[in-house]
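Listed features, source TrEMBL:
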- 2-118: domain 'Response regulatory' (DOMAIN)
- 168-305: domain 'GGDEF' (DOMAIN)
- Asp51: 4-aspartylphosphate (MOD_RES)
Amino acid sequence: MDILLIDDSPTHQFQLARNIEAAGHSIEMVFSGEAALQFLEKSSVDLILCDIEMPGLSGYETVTIIRELLADSWIPIIFMTSRDNTIDVVKGFRVGADDYLVKPINPEVLLAKLKVMERYIAMQEVVFAHGNLSIVTPHYDEFSRVYTPQYFFERALQQWAIMARQRLPVSVLIVDIDDYSLYRDYYGESLANECLVKISNKLNESIFRPADFVGRFQKEGFILMLPDTGRSGASLVAERIRCGIENLTIENKASRGSSAVTVSVGGGTCYQARRQPLHRCIELACDSLIKVRQIATNSVYVDSLPRIETDNVSISSEIKMSHRASRKHTH
């Protein structure tokens, strides 16, 4: 593998590089987050090892930007930290890390984790070689091939922070299959799982930007994150999803309202991510789903959080991304 090592300590870099190269991998070394971003603008790697505590951009900030820059691809990232506590580990996963190593790093543990990541990369290459663009990672649901709930929320928190810094709107959609429990009871578990796969494929076809992503939500639903998307844009995506799934014409003799499988979609939009947390937007999307279900199935409704007039929230430090030109996305 081609590995990028981000660490401000030359001594630590030398020790790691010796072990990594002895295992047959090639390594590129940079001493800061800023240097890593410049490197990744021009070059690609298979895996990134990143220290958390560095002058300038911290490891958390560096990985947050890397995940945004490389939103349309998956590169495994392993954090290195001397602080082995739950808060730091969870924070690392939330900004986009896939694993972590505790300093002083045991060479055997390092090589074992590199071997695991190498297997995931090999699996992904096999899938792409056969024309299936589904990325094979431990973060994907077994049946539906969208993000697991845990990984969805890790990425969602990361995107929420980015939208907050850039003062951009963000929307969340909850997609629930109408009468799915009746469908499962009538057709059995196997066909029910096939139904989930068809719907998840249609959801992925319904979003066109790399920044948008889909995850499982509870037992019978899906959740979508739409960064830089206002209420009207989210409504368009929701209606596209509803129509697309209805047009699949998956037979559903157990349905109380349609002869085919349909979905209801509830959405929430936040125009002030700096002032309001992610969970409020998700709660609003759930409330919207409840409201639309009270009227009819096979319907959509998107609401927006009320604006807060007084800004009592300050962000102590904002990452300057002058190296990256701003992009305008439209649905």
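All residue numbers here begin at 1 and follow the chain in the order shown.
Here the Cβ of each residue, glycine as well, is placed from N, Cα and C on the backbone.
TrEMBL annotations: computationally assigned, not manually curated.
Around the Cβ of the residue listed as '4-aspartylphosphate', the number of neighbouring Cβ atoms within 10 Å comes to 24. This prediction places the mean pLDDT of the domain 'Response regulatory' (2-118) at 88. Helix, strand and coil counts from DSSP across the domain 'Response regulatory' (2-118) read 56 helix, 24 strand, 37 coil. Sorting the domain 'GGDEF' (168-305) by DSSP state (H, G, I as helix; E, B as strand; all else coil) yields 59 helix, 35 strand, 44 coil.
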